[in-house]
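Okay, so here's the structure we're looking at.
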2 protein chains.
Amino acid sequence: MKIVKVSGEVSIKRSVDSGSEDQRQAVKKILADVRRSGDEALKAYTEKFDHVRMETFLVEPEEIREAYNLVDESMVQIIADAAENIRAYHEKQLRPSWLTTEENGTILGQKVTPLDSVGVYVPGGTAAYPSSVLMNVVPAKVAGVKRIVMVSPPGADGKLPAGVLVAADLAGVKEIYKVGGAQAIGALAYGTESIAPVDKITGPGNIFVALAKREVFGDVDIDMIAGPSEIAVLADDTANADEVAADLLSQAEHDTRASSVLVTPSAALAEGVQREVAVQLAVLPRQEIASRSIEDFGAIYLAADMEEAVETVNQLAPEHLEIMTENAMELLGKIRHAGAIFIGRYSSEPVGDYFAGPNHVLPTNGTARFSSPLGVEDFQKKSSIIAYSEEALRENGAKIAKFARLEGLEAHARAVEARLKKN
Amino acid sequence: MKIVKVSGEVSIKRSVDSGSEDQRQAVKKILADVRRSGDEALKAYTEKFDHVRMETFLVEPEEIREAYNLVDESMVQIIADAAENIRAYHEKQLRPSWLTTEENGTILGQKVTPLDSVGVYVPGGTAAYPSSVLMNVVPAKVAGVKRIVMVSPPGADGKLPAGVLVAADLAGVKEIYKVGGAQAIGALAYGTESIAPVDKITGPGNIFVALAKREVFGDVDIDMIAGPSEIAVLADDTANADEVAADLLSQAEHDTRASSVLVTPSAALAEGVQREVAVQLAVLPRQEIASRSIEDFGAIYLAADMEEAVETVNQLAPEHLEIMTENAMELLGKIRHAGAIFIGRYSSEPVGDYFAGPNHVLPTNGTARFSSPLGVEDFQKKSSIIAYSEEALRENGAKIAKFARLEGLEAHARAVEARLKKN
């Protein structure tokens, strides 16, 4: 892991796969086929890509029961505990509809309404993460979404991983379909004979899923399209090099394109972490992935002082930020851009990935400059409320009509005056 | 205006211009030129499209002073009053950062941070609306955005409309550039010698502006891309046909592709509105636009009863909804999908377009199913906060490690255990 002195602007080396033209065309064709042929297209593409012939897609209750038998009891309890923590945290995000009243009778406000229906994509294979199920479904549930649909590609045995099914059941999903890829996104967006369409699609997926989500966006809403995972650790002399290194590697093991960065004003820590990363890498099961990630996208930034270090973090706008410094809490106000902020040495990133309660779906690729973690608000929408009284319109109607005429919109002015002329 | 009996699913006839391949290519070229040549490209494209040679783009203080002289004093006061109402309403949307604490020392929360910088696009020519300046700038200001930049294409005289400049000044914009089109979007997204880049771009524009926003999305954030304006009026026998007709026409005069719809269980009102629309159309300055809009995208839906009428409105998910019925307030809970809801006969839509306070930037094209009016939250983002104590990690660390191993992520488990092994 290279140590680099900070000078001027710094940016994480990032690698976002935005897909090839061939992939885009393939996705367009799949979506068009699903729109045209519905379930038949889903069956054909499932056979082609997942190597299994499905006659129906819905997960039956006995498959859920079977899944519980396949996951050990203490693990079921851990998933349930995590779901409960995620629920408790997201309930704090709930905001009510509100109204203001004025003496002249005016009422203004905002009505908060859950989305009618949401589809959650869950990747298959080795990327089948029960934690991802919880992080996408629980906020939708807390938001009050009535219909939550989950889709995930079946294995060669025509089944879904037991952990995923248990997490879905604990999170309260009642409608799960064994279909994945761009074809599943097409089914969620446009509907087929067996899958009714939804209003929003969330959840991670491979490049075909990402391209399909981008393609259907507008017809339905989508969540952000996630890039490779990132961590920045902001640390000083008080941090332990082995712990910092372990956290950097926990990010690096995700993906060869994941980015792990340390920012520190301490040369001693920089060298210590450099050493520890090498030591720990040597004995890591996913060593191959993690070492490529560290080599290609990892860095240790040595700053002149803590102020420069903080400014560097803001330039990076990392998905995850850990602060391991003396008085870490005091730095919180200086951090402008980060998806999630982990404070102190006991807040290792996996605490947030799995268990503490905040969402692990976070803005990547520098988008923490303008984006937020997935949350309850992503599953609700607002409507403005305007109720003017006769008194209020008599007070302000002439001003409104004049403003409309300034903009050349005579019918606007007349609509207001239609009320004022009377009585 | 045709009267149609509701039967089964109803959807507004909508016409969204998503641009041609030629337009897309033209926009890509403009953006690439701006990235490469900066101000020189801005000058060249301004000369080409706006027919004026600009040596500098920044609006100088004397141009603002001149604008105040060109707008009559009472109009300046009306714009100021509107700005104040918009400010007061949007301040109600402000939500603080929050924290929760647990006895074991855990702190969880959410930090709310304004965006660093925002660019507001204001269209030129006949679509130069001071109200649009207020509706985009004031929420950003209330959110706490430090740098708000406005761009708008200059007229042939190299100037911006006085009303737009006055609105910008009253809303508190300090940085205004006379440049428009896709080239202005390129400047905001990527920066040039004279215009520093921003983090988010909002505001309406023609098809080239819309395509450019779509293109830069990801590098910067954008607001929704608005389709033609829409109104649905939900009314019963208690409504006045002339007022309903006036409101439908105030929408129709915007654009030949605007959509104006009445939904009612009253055959008498349906016929009355049909008559009134014809009468009022005949004497409307923008008659040509409004009559094409009414003919192509207008409709009167006759429902069997109020329940069916409400369900029809929810299927339409209109941008604007007016409710003119007995006990209009009681229907509020049944409305699931609408950008803004205007209640009672005195809440004619222009009240909200200009003056009451809620935002007039609203979801169009059925996206009220999943989108919200522009608001303060669009100019802020959130960061999760996670601070685990040693006690909390000792309590939960083993569970977290086990969850990580279920997902095959050994380095995650080890990062947690690195802390637990010690002491």
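Cβ atoms are placed via backbone N, Cα and C, with glycine included.
Among the candidates B:His320, B:His337, the residue that TrEMBL names alongside B:Ser229, B:Gln251, B:His254, B:Asp353, B:Glu407, B:His412 for the substrate site is B:His320. All protein chains included, B:Gln183 (NAD(+) binding site) registers 29 other Cβ atoms within 10 Å of its own Cβ. Checking the recorded positions B:Ser229, B:Glu319, B:His320, B:Asp353, B:Glu407, B:His412 against chain A with a Cβ-Cβ cut-off under 8 Å leaves B:Asp353, B:Glu407, B:His412.
Around B:His254 (substrate binding site), the same-chain residues six or more apart in sequence whose CB sits under 8 Å from its CB are B:Pro228, B:Ser229, B:Ile289, B:Ser293, listed in sequence order. Residue pairs drawn from B:Tyr121, B:Gln183, B:Asn206, the listed NAD(+) binders, are separated by up to 13 Å at the Cα level. Distance between Cα atoms for B:Asp353 (substrate binding site) and B:Glu319 (active site, proton acceptor): 12 Å, as a whole number.
Neighbour density at the Cβ, taken as the number of other Cβ atoms within 10 Å, is lowest among the recorded positions B:Glu319, B:Asp353, B:Glu407 for B:Glu407. When the binding-site residues B:Asn206, B:Ser229 are compared by the number of other CB atoms within 10 angstroms of each CB, B:Asn206 has the fewest. Remark: of the binding-site residues B:Gln251, B:His320, the most isolated position is B:His320 (fewest other Cβ atoms within 10 Å of its Cβ). DSSP classifies B:His412 (substrate binding site) as helix under the three-state reduction.
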